[in-house]
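Structure record follows, encoded as structure tokens.
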């Protein structure tokens, strides 16, 4: 006589057969075969951000990731995510969906990529958890394009949770090392997507503004034969039967282009610094936005051009990237970035006076420390209501050998830094374009002339007066958004302790 369990199993098998026979939607869901460019169907995929009430009652196809899923009775709610936008989708038993299809949808692993056909429906009550709050997608077909593994190294909801919320209610947040160790997942968050879309906008606006001003974009070598600028903080690489170095800066080549009569040049490219600095704002590799420009009579012509370029970038970001700014602010609240037109320019001696009035003891020829930079930023904000300003006329003693001395005050120089929220984002100067004076200044700094011979020689055939500077892209992004670590704005950051991924 068969056991009760055996009898039960015998009863279940016919039930499975019956369920399969009753699965009238079996052609409407499943796992697609791997896309190997076998065909090109006549199907238009709609972007999630375009799912608005204007598309109500339309049948659309969408490809997105499964952000979350929640089964409830005979229906399943999915949140479908595409970059920084998401929409709610509903799979419910009915004419187009069987209970097997609902179960299939509920069991799709998070982060899997799916194709969905559905009807856009206007909702009566806004869906606060989604960017597309006024509509949802009523699913008719659902196919898995790429299945994610069931165990994720981090949960995206945890990764976008503000730290304050995590501290208050004990919910999980994700620390920086975990994020960077699993950067591919971390970059999928709405915050990361917004950061790097905005960063792309900075590059675009930088290029657009300078081309409109008559600048020429150049490309400079990153593998060089000698330590650029005579500096020591360089990476050495094997170069066939000798050694070469990774460029600390494109400055030499920018200046050579000025000597070659290009007059106004800029470049966007990697910069390498072998500095063992484990701070919130230093990287060993970052993207430099570099400018060099010949001027007629005064280096302030260049200062004004660079400052205006940055102002145009700030304005462009505020006009074109409000969605991204608001997305980042949800996780990292910050006051809007403020700037003046024309840009505030203070002399170094004025900054010293403000700091001394605030109780800081500093010598006239002492450089600003990071804490004093931040304090000065707060003082400037209080007095002038701006987060962006130029500090001019630095002491000659704290600037590189190629910096032009101030002809009226031998202790000062024709050099400047630009600041955002109390942190330096650009360092620049009028360059010495006379080979004799350049040689004297190099000797004064104890630099081996043989190592910078090519640099000095580039000015021996007539060089126009010129000035320039270098901007750190990641630092500008960080400070514009009010973030607290440059690793958040470097897609795959490199610092003294990180060489992967």
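Each residue, glycine too, has its Cβ placed from N, Cα and C.
From a predicted model like this one, the values you see are computed outputs, not experimental measurements.
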Record-annotated ATP site (Swiss-Prot): member among 217, 335, 424 besides 273, 274, 275, 281, 282, 283, 472, 473, 474, 475: 424
Model confidence over the region 'Aspartate' (251-254), averaged pLDDT: 94
Residue from 249, 275, 374, 427, 475 whose C-alpha is spatially nearest that of residue 74 (N6-acetyllysine), among the recorded positions: 475
Cβ neighbours of residue 282 (ATP binding site) where a neighbour is any other Cβ within 10 Å: 16
Set of same-chain residues at least 6 away whose C-beta sits under 8 angstroms from residue 275 (ATP binding site): 233, 282, 284, 496
Spatially closest candidate among 273, 424, 431, the listed binding-site residues, to residue 52 (phosphothreonine) (Cα to Cα): 424
Coarse DSSP state, helix versus strand versus coil, of residue 249 (phosphoserine): coil
